[in-house]
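Enquirer: One structure follows; several queries about it will come next.
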Amino acid sequence: MADLEVYKNLSPEKVERCMSVMQSGTQMIKLKRGTKGLVRLFYLDEHRTRLRWRPSRKSEKAKILIDSIYKVTEGRQSEIFHRQAEGNFDPSCCFTIYHGNHMESLDLITSNPEEARTWITGLKYLMAGISDEDSLAKRQRTHDQWVKQTFEEADKNGDGLLNIEEIHQLMHKLNVNLPRRKVRQMFQEADTDENQGTLTFEEFCVFYKMMSLRRDLYLLLLSYSDKKDHLTVEELAQFLKVEQKMSNVTLDYCLDIIMKFEVSEENKVKNVLGIEGFTNFMRSPACDVFNPLHHEVYQDMDQPLCNYYIASSHNTYLTGDQLLSQSKVDMYARVLQEGCRCVEVDCWDGPDGEPVVHHGYTLTSKILFRDVVETINKHAFVKNEFPVILSIENHCSIQQQRKIAQYLKGILQDKLDLSSVDTGECRQLPSPQSLKGKILVKGKKLPYHLGDDAEEGEVSDEDSADEIEDECKFKLHYSNGTTEHQVESFIRKKLESLLKESQIRDKEDPDSFTVRALLKATHEGLNAHLKQNLDVKESGKKSHGRSLMANFGKHKQKATKSRSKSYSTDDEDDSLQNPGKEGGQLYRLGRRRRTMKLCRELSDLVVYTNSVAAQDIVDDGTTGNVLSFSETRAHQVVQQKSEQFMIYNQKQLTRIYPSAYRIDSSNFNPLPYWNAGCQLVALNYQSEGRMMQINRAKFKANGNCGYILKPQQMCKGTFNPFSGDPLPANPKKQLILKVISGQQLPKPPDSMFGDRGEIIDPFVEVEIIGLPVDCCKDQTRVVDDNGFNPVWEETLTFTVHMPEIALVRFLVWDHDPIGRDFVGQRTVTFSSLVPGYRHVYLEGLTEASIFVHITINEIFGKWSPLILNPSYTILHFLGATKNRQLQGLKGLFNKNPRHASSENNSHYVRKRSIGDRILRRTASAPAKGRKKSKVGFQEMVEIKDSVSEASRDQDGVLRRTTRSLQVRPVSMPVDKSLLGALSLPISEAAKDTDGKENCLAGDKDDRRKGAATRKDPHFSNFNKKLSSSSSALLHKDANQGPTASVSNPEQCGGRGAKSERIKPNMTNDCQENHNPPKFLSPRKHLALDPATKGLQERLHGMKTNEKEHAEGFLGEKSMLSGSVLSQSSLEVENLEGSRAKGRAATSFSLSDVSALCSDIPDLHSTAILQDTEISNLIDDVTLTNENQSGSSISALIGQFEESNHPANVTVVSHLSTSGASGSAPFQTPFKHGLSQGNQKASFLCSSPELNKLSSVETTKLANNAVPCGVIGSPISTPKPGDDPSDKAKTRVIEGNLPGFPDASPGQFPKSPTHGEDHSQVMNSPALSTELAIEDIIADPALSINSAESSLVEIDGESENLSLTTCDYREEAPSQLVSPLKLQQSQEMVEHIQRGLRNGYCKETLLPSEIFNNIPGVKNHSISHLTYQGAGFVYNHFSSSDAKTNQICEPQQPRAPDMHAPTPTPSTHAPLAALKLPSPCKSKSLGDLTSEDIACNFESKYQCISRSFVTNGIRDKSVTMKTKSLEPLDALTEQLRKLVSFDQEDSCQVLYSKQDVNQCPRALVRKLSSRSQSRVRNIASRAKEKQEAGKQKAMAQSTRGGVVLRSKPPAPALAVNRHSTGSYIASYLRNMKAGGLEGRGIPEGACTALRYGYMDQFCSDNSVLQTEPSSEDKPEIYFLLRL
């Protein structure tokens, strides 16, 4: 462009003369390939923006935009001119215009040299003006041009006026859907001249402004102008500071804006900005989404080359496909000016001793090497000075190699001189800054062992030099009269058809077998044809020139998709004569290494970039090696050795090039290689498409200089890019993107009917591209029939772990009943996004844009405390050491043997296990208006059989490689399942760095054991069993107390290893677990804790399966802890591990948490959270859920996992302080109730206790919000001596958690040491509180809002979560209950009974004795709870839990309730009232059940259905109201209130002090769109059941919080059938055979399943009559979650 400078300074007279000649038009001859010249009239349009010609059959295409002209050359320089005979044309009358992405040439011949000179001068002047204008001027110019062009195109009759009919047609073209009356009204307002009925251009501009008034911008202006129609200077400054987040805003700057953008002179005088000026400003580059500062180089350019991504081109000389296209030197000029810094030159021997450049063994055209070097020399540093790497692929003889070296030195001269370059530290590559203006030659270098005097030597030739594999080579043997022309013409026809067929496949398809098959078939056909037609008599002679004998190797497809090249040996003749024998076979071992001769002159030009052949990562310690990998080989390396690869890339350069099978020049996905730190990822710049758009976006930042600094984490240290939380210690970024509106979105470019097509129905999709864990996408709803100014007003939220390498891609689609059509896109690096109100202009479209509001928050995940609290690093280290073991452990459950064994490759991508597939519910695709859940975007090209942990399904849904998703019976509360099933295996906990509990001293032994046992053969067997029993387990877990989130080794041991023992005597078990001091880790305490107890109970359930293995496990409790989790827990943990990946965490900082926690009553302050944090939380859940079984459990688990048991971590930090680690009962488990479940509750309760716990943890916790699906654990209970306020707060929390058995301090085992508050606290609910906070961040407000029981719709991704306020419900609709579970639960009942007989501590049972008579209570109690639809409250659960929790306690002496606060009425809404439906999946037709009807009741709830109300319940509720047992202590009394059926009382008491107005409204899941008829049908059935139930249940006073779901009367056998396969069992105090409700049969059960055996809840009567109730019925609302 340097030569254009001259034209900027032309005299105005000369410029005008040129312009007038060009606009009036000139007759010229247009040369085309293969035809005679065509005479055409060429002219410049009146706006001087297009060169046009006529006549033309396609007038629309007969134009070239001045903007698209790349260069204009004089004389006969183009290839087409070269094909013409010398004397045909006068060179001074010839010139060529190069334009477009593919450098198409327009070759013109004028009648005289003067005309040619005029056109060349005029065109270069226009190009100079364009290159010189700033972005604002360009935007204004293009806008004006667009309006003028629009007017001209609408003027069909060419009279310069538009009538009303032409306006209507224009409206349709512009995708405006306005009533004709409205259009006519605007038309009349704009038509002001005497010529009524038509609009001139000026009138059309007025009309267009009316039509395009931006309502969204107008409202924005009003909001900052105090309802005026203009902004003053001060108001504008305020807007820029507050909304646009601009710093250093001065009044002068604001005045400049007014002067520059305001249209009205009157406003300029007043120094105010009106709506037109404001619109102009908002549409200007100043408010573009891309940071204007990044148009310049802003990064540190003094680091070694290996610390940068470098823009690289593959086969730069080609203009099209790899087989037939033209090679052009201009392509080098083009890509260098686009910012590419590494170009490729394939050198081959040419005629006359002149090396040529082309793609070997193909029919691409040849260009001279000398011309290429001259072009590179001329254009290398036009746009920037940073170094250019010349990748020489040398296939030449020694003589021509010397010629190459000669040209390089002679033409490039001092650009090759690197002697002055400062390399800085020894053995380090120089920096881009120190190499400015230099050209590096990348090529082979002679080995060092050769003396300096050696003129030549041999080097390996096995690298990308010979990219085309033998199967694709054309070695054309022609002889005996067959001419080259004959052969080429035949082949060309075949290849053209081949290329056409190859277009069938998606260009981005990484692994096109279609093309491979076509290639082979074509080659074989060609070979056969030539054999028939060519009498090859002299087969022994060497062929001269090109020969066509294709070498067809058997291309073996490895499972890993690795393809090794089939190189021929040194004696190539043999392979040519025996095609299919040596030439083609892959005989790696037997073949000789291919070598080539290299001359010293060329070798000496290679300094820092020595090409090394590589089948693997080889670091020989020398600086300056560049490894070259084909994309397929690189893919394997990235998958198998990502961390090793990253370390290599910290010292050396790596180049990745496209597979030889990409004959159509398609591009692979560069992301996986960038993520592994590869610097030179070479793409085909001539091929437009998604991958080049991503590449362009990546390098556009930093001034488009071709060098982008890698993140520091990639330059030092290492991390696993496939991990679910690759950088645990680093804060993440949260992107909150509000998509407001669109402007002038055109019809799809490939629209069949063009402008006459239908008005589009646009929607916006936003995709995050980066690390696998960050890759996801979300979309807005569809706006029908409006492409001109659609309004979406939707917020999308994303969490990004490594923002430095992430890109944000905005896509606009036209929704179509049978798919969607691409309208436009824009891709921007995350780091270049600017916050505030921004326009995103779509690439390549003049006016089309979308208007968004961007907020970027920094959020701290569970690991951020590492930064703030160095003591965490030890925990981190200890946890990390278990990471690999855990991977191995997970592998045991993975049916894919290859992955299971790869413990060290933790990042290996896993396929979903069979269990996953079986348990996965059918999920319908989102309907048109419905938001899709975040979709995972795994672009890894070759990943087909193995997908990384962050891997996603092909369908795009973010897939956290969850182990087979555990089925939680719907009848089991999620938290139970979570807690029980979730308890991490010890090692897992260990692995979870969060499970820092491991760090407790007492725990270390266990951890060691865990590791050892993990490898125990028993374990694998055990796991197998577990897999079968896991469902049962889960089931049982449902009944267990909230099991600890950390599986207690003991617990587990108790559960698993000891299952046998426990069976006879749980008490003993507990003792065993707890007595030996050396095993007494906090986890063991769990055994006593409610949570622990739950685990142990689970044990009972498992005993049958595990019995035979019990002996093996007795000593290996820790192991058990892992195993006990059972597959479910493992899976859970998997979920956890991988889950954290894609979810959008809320941005919640420590301060936020403390603030929230510190002031409980004032929840309004947290209201803001609802919109963002909470919805994000919800989104988080939704995000992974959508493709998991759809169960809330999965979501919760995910959340849990995300937090990786932050609770545990938290605990650790405190526990670690305690003297006796063993003593700290790991209440982390408490995560079970609140912490895990709803930390919301815990959230609410902040107490100093909490604050005492490390605040850091809180922060971290905060980010791992748990979706609203679960209620948190009990809140912390300080010891009596603690600050009263603490107590109060604690109580508050407890009050809120009526359902949590754990709320009762009495249940917490005491630490041996009296003074260890913290341990105790941790044990106590307080601990959970904090823990809870982490998972909870969901929405403090939510928990409070019980009284209002309002349903709110949540925007954003939370579509699947519904939060109802009234009562706590959790469910996993997708959970199926298998007969096995039923059986096991019965067994559990039996165990419990035995345990009771063997001395369970009765005095600890709940005062209400609700469960005294029901050994199996736990088994069934939870069922109610789980039925979200029924709205079961936690109370049942808590009671059963409480009892069970206490059952184990006697074994461990309980300190007096010193840590337990005295219960007092809570000031908060009862948690019981908190209804947290879990995210529900999109259900397939048979899946919708009554459980999908969420009930919201205003006040006490009565039973909806008699079928779920039993006499036991009635009696119990009556007795509970009339009589209460004497509490053992105040806390127990409080607990009794919380868990008793007397919900009415407890609700009143708890809520009495809570101001209704203080309760923020709860969030509710958005309903997905489903068939209306189904919805109506379900609603009507529910209503009928409700009516029927009302009459019978009139007199019944059931506890207020329990809503029993009604079921239609059914035959005796099919009691309470649910499509989810869950069964409902009640935990009733009285075991009246007839009065108990029956369990439903699992969906698809083979038989009716007489499950009465040992099942005290079993009853064949599905419909239980209830007596009429005199009490008033509350109004019932049903929320159909579809």
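Each residue, glycine too, has its Cβ placed from N, Cα and C.
According to Swiss-Prot, the protein carries these features:
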DOMAIN    20-128  domain 'PH'
DOMAIN    142-177  domain 'EF-hand 1'
BINDING   D155, N157, D159, E166  Ca(2+) 1 binding site
DOMAIN    178-214  domain 'EF-hand 2'
DOMAIN    226-246  domain 'EF-hand 3'
DOMAIN    299-444  domain 'PI-PLC X-box'
ACT_SITE  H314  active site
ACT_SITE  H358  active site
BINDING   K442, K444, S628, R655  substrate binding site
COMPBIAS  553-564  compositional bias 'Basic residues'
DOMAIN    602-715  domain 'PI-PLC Y-box'
DOMAIN    716-844  domain 'C2'
BINDING   I759, D761, D785  Ca(2+) 3 binding site
BINDING   D814, H815, D816  Ca(2+) 4 binding site
COMPBIAS  1019-1033  compositional bias 'Low complexity'
COMPBIAS  1040-1050  compositional bias 'Polar residues'
COMPBIAS  1065-1074  compositional bias 'Polar residues'
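Help me understand the surroundings of these features in the structure.
Expert: Helix, strand and coil counts from DSSP across the domain 'PH' (20-128) read 38 helix, 39 strand, 32 coil.
Counting residues of the domain 'EF-hand 1' (142-177) by DSSP class, helix then strand then coil, yields 23 helix, 2 strand, 11 coil.
Cβ neighbours of E166 (Ca(2+) 1 binding site) (same chain, under 8 Å, six or more residues apart in sequence): A154, D155, K156, N157.
Sequence-distant neighbours of the domain 'EF-hand 2' (178-214) (same chain, 6+ residues past either end, Cβ-Cβ under 8 Å): 147-148, 150-151, 160-164, 167-168, 171, 275-276, 279, 282, 741, 743-744, 788-789.
Counting only same-chain residues 6+ beyond the ends of the domain 'EF-hand 3' (226-246), those with a CB under 8 A from a CB of the stretch are 253-255, 257-258, 267, 270-275, 278, 287, 834-837.
Across the domain 'PI-PLC X-box' (299-444), DSSP classifies residues as 44 helix, 31 strand, 71 coil.
The Cβ of H358 (active site) lies under 8 Å from the Cβ of Y317, S327, D346, W348, T364, S365, K366, I367, each of which sits 6+ residues away along the same chain.
Spatially close to D785 (Ca(2+) 3 binding site) yet at least six residues away along the chain are N177, I759, I760, D761, judged by Cβ distances under 8 angstroms.
Its Cβ placed at the centre, D816 (Ca(2+) 4 binding site) has 14 other Cβ atoms within 10 Å.
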Enquirer: According to DSSP, does R655 (substrate binding site) fall in a helix, a strand, or coil?
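Expert: Once the DSSP labels are grouped into three classes, R655 (substrate binding site) ends up as strand.
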Enquirer: List, by number or range, the same-chain residues at least 6 past the domain 'EF-hand 1' (142-177) whose CB is under 8 A from its CB atoms?
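Expert: For the domain 'EF-hand 1' (142-177), the far contacts come to 47, 49, 183-184, 187, 195, 197-201, 204-205, 207-208, 211, 744-747, 755-756, 759-760, 785-789, 846-847.
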Enquirer: Among the recorded positions listed here (D159, H314, D814, H815, D816), which has the Cα closest to the Cα of S628 (substrate binding site)?
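Expert: Result: the closest of the recorded positions to S628 (substrate binding site) is H314.
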Enquirer: So if I draw a 10 Å sphere around the Cβ of K444 (substrate binding site), how many other Cβ atoms end up inside it?
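Expert: Counting Cβ neighbours of K444 (substrate binding site) within 10 Å gives 25.
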Enquirer: Please identify which of D155, D761, D814 has the densest Cβ environment, defined as other Cβ atoms within 10 Å, among these binding-site residues.
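Expert: Checking each of D155, D761, D814, the winner is D814.
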Enquirer: Compare the Cα of H815 (Ca(2+) 4 binding site) against each of the binding-site residues D159, K444, R655 and report the nearest.
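Expert: Going through D159, K444, R655 one by one, the closest to H815 (Ca(2+) 4 binding site) is D159.
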Enquirer: Can you work out the mean pLDDT of the predicted model over the domain 'C2' (716-844)?
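Expert: Overall, the domain 'C2' (716-844) comes to a mean pLDDT of 92.
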Enquirer: If you count, for each of the recorded positions H314, R655, H815, the other Cβ atoms lying within 10 Å of its Cβ, which residue has the minimum?
Expert: H815
Enquirer: Of the binding-site residues D159, K442, K444, R655, D816, which sits closest to H314 (active site) by Cα distance?
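Expert: Nearest candidate: R655.
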Enquirer: Could you tell me how many residues in the domain 'EF-hand 2' (178-214) are helical, how many are strand and how many are coil under DSSP?
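Expert: Split into helix, strand and coil, the domain 'EF-hand 2' (178-214) gives 22 helix, 2 strand, 13 coil.
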Enquirer: How many neighbouring Cβ atoms, not counting its own, are there within 10 Å of the Cβ of I759 (Ca(2+) 3 binding site)?
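Expert: The Cβ of I759 (Ca(2+) 3 binding site) has 19 Cβ neighbours within 10 Å.
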Enquirer: Taking the center of the Cβ atoms of I759, D761, D785 at the recorded Ca(2+) 3 site, which other residues in this chain have a Cβ no more than 8 Å from that point?
Expert: N175, N177, E758, I760, P762, V783, D784, N786, G787
Enquirer: For Ca(2+) 1, what surrounds D155, N157, D159, E166 with a Cβ no more than 8 Å from their Cβ centroid?
Expert: A154, K156, G158, G160, L161, L162, N163
Enquirer: Which whole-number value in Å describes the distance between the Cα atoms of D816 (Ca(2+) 4 binding site) and D159 (Ca(2+) 1 binding site)?
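Expert: D159 (Ca(2+) 1 binding site) has its Cα 37 Å from the Cα of D816 (Ca(2+) 4 binding site).
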